[in-house]
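Worksheet: the structure to be examined is printed underneath.
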């Protein structure tokens, strides 16, 4: 039976991270490469699907079919200006499917297209597997984090991605709230504290102000830029070096996707180096038309290239302070989250803005969000550990929610930054005499007129008895649950007739059937990946067996113990298999197993003949030994089942 462990997943734009709360503390779990964060990358090749480090490592060779930044697409429409501007930067293709963006790739020789939810679900599956490998049992319950800025549609789509990955999503929580939980556990001082969380990650930037009082977290304000992060700093470096290459070599590499990709990888590495050193060097062999590109960059130059971006991080800080109605002197703690907060200049700007206040860096910035999500998961699973017992979590609505009233005016029922879950009711009436029905149009946004806000959904309440304008009483209730999902109900008080809508977003929400189909496809892909792994294992087993046999009979210590005829027989057969392998790398598992058996039939009698009564193998012992016979000492090779 699956143990009741729940995990916390930080599903990032560029990197993801998973943690679990057990034995009274949080463990951030390393992946099979030993990394505690995993790239949010999925790659499709002629033979397989790769997720995480394996996908990111081959991106230069396969840029068109390596998908990243799915978080920038999730829950958005194709026509969204953000999607349109991002598409210019991506090497993979995004296509329009009924105003939903889909990523188009070539997988196993055919064109396939995937919704952003499917790509994100593949990353979530990877995170789930990382946790399962560490815990040693299946895991289904998870808390997943999203930027505080995400609207309802983006939250829903993230939840769908979790479902497709086979997870039971206990809750979607804001990243800064998660970081605050991590922080709240680390320090339980008494009295109310105002905390500003500065989260500059690979793709998004969030500033949040929370008050923590006796284990209760309340989000006071959120601000940020959904499009600022480490990748933007990488882009500045890339442009800088593209220009330098032009100056030095009179060639423009910007149209060559592979060269740009290799340059970008080197830039990311240089950027990380510059957080701890004042200079970094780039060495890229044969970058373009056989030209090696060796160069270096100083920290000062990097800061100059990104100065406007770095300075720009302070605007959302000021906005959040205004929204929270706090002065900067009233902030008790500054918390850094996200890998990009390791950049010394970013730290200095923030520190100077707060008049030299110390920054809190005690939490590893890459891991803080997953850490908090893991704690929240433990709370929701009813963990009785005293570390989490007294923690209460209040989240907020990122945008005001309301409906359209006469003249296209936005009437907000739930104000931005209201603590959720929450329920608000207001009474409306008709605009004209004998009006038979009302159209309830639900919007999110801060502008006075609905045309400038975002329509979430609409429904009609009909059958209102004829009456003069202003007489009927229509009671409208907005109810947001802890996941930020909205139910709107309208009731005619005279008849008791009601109608409602659950805003799980007409715009871009996947249907039950689509999710079901994607869950099944995800299972199928997983099975295909498994088949591929077995195939490769069988191929490798055959290859090593052939080479082992070859080196065994060529061993100098065997001179005179094996007849030339036998030796030739083994060598010829091994050579035949090795040649066959070279031209049949894509054969099925069964073919490899069959070839292996064929080779064993030739080799085993000869090799075991050598061992009859010969004791242990001679110098340089064989990498293989007949399954039967032999003295039982020396290495054996197992049949691959």
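Glycine is no exception: its Cβ is also placed from the backbone N, Cα and C atoms.
Per Swiss-Prot, the features are:
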MOD_RES   2  N-acetylalanine
REGION    2-386  region 'Nucleotide-binding domain (NBD)'
BINDING   12-15, 71, 202-204, 268-275, 339-342  ATP binding site
MOD_RES   77  N6-acetyllysine
MOD_RES   108  N6-acetyllysine
MOD_RES   246  N6-acetyllysine
MOD_RES   348  N6-acetyllysine
REGION    394-509  region 'Substrate-binding domain (SBD)'
MOD_RES   469  omega-N-methylarginine
MOD_RES   561  N6,N6,N6-trimethyllysine
MOD_RES   561  N6,N6-dimethyllysine
COMPBIAS  618-633  compositional bias 'Gly residues'
REGION    618-641  region 'Disordered'
MOD_RES   631  phosphoserine
MOD_RES   633  phosphoserine
MOD_RES   636  phosphothreonine
Note = Across the region 'Substrate-binding domain (SBD)' (394-509) the predicted model averages a pLDDT of 82
Ask   = Nearest to residue 341 (ATP binding site) by Cα distance: which of the modified residues 108, 246, 469, 561 is it?
value = 246
Remark   = Here the modified residues are 77, 469, 561, and the Cα closest to that of residue 203 (ATP binding site) is found at 77
Message = Please list the DSSP helix, strand and coil residue counts for the region 'Substrate-binding domain (SBD)' (394-509).
response = 3 helix, 61 strand, 52 coil
Ask   = When the Cα of residue 272 (ATP binding site) is compared with the Cα of each of the modified residues 246, 348, 469, 561, which one is closest?
value = 348
Message = Using DSSP and collapsing to three states, where does residue 108 (N6-acetyllysine) fall: helix, strand or coil?
response = coil
Remark   = Listed in sequence order, the residues of the same chain lying six or more positions from residue 15 (ATP binding site) whose CB sits under 8 Å from its CB are 37, 38, 39, 40, 201, 202, 339, 366
Task = Please state whether DSSP places residue 275 (ATP binding site) in a helix, a strand or coil.
result = helix
Residue from 12, 269, 275 whose C-alpha is spatially nearest that of residue 246 (N6-acetyllysine), among the binding-site residues = 269
Request  = Given the binding-site residues 12, 269, 275, state which is nearest to residue 561 (N6,N6,N6-trimethyllysine) when distance is taken between Cα atoms.
outcome  = 269
For residue 77 (N6-acetyllysine), the one of 108, 269, 275, 348 that lies nearest, given that the recorded positions are compared by Cα = 108
Inquiry  = These are the binding-site residues: 275, 341. Which one scores highest on other Cβ atoms within 10 Å?
reply    = 341
Ask   = So what sits near residue 269 (ATP binding site) in its own chain, CB-to-CB under 8 Å and at least six residues off in sequence?
value = 280, 282
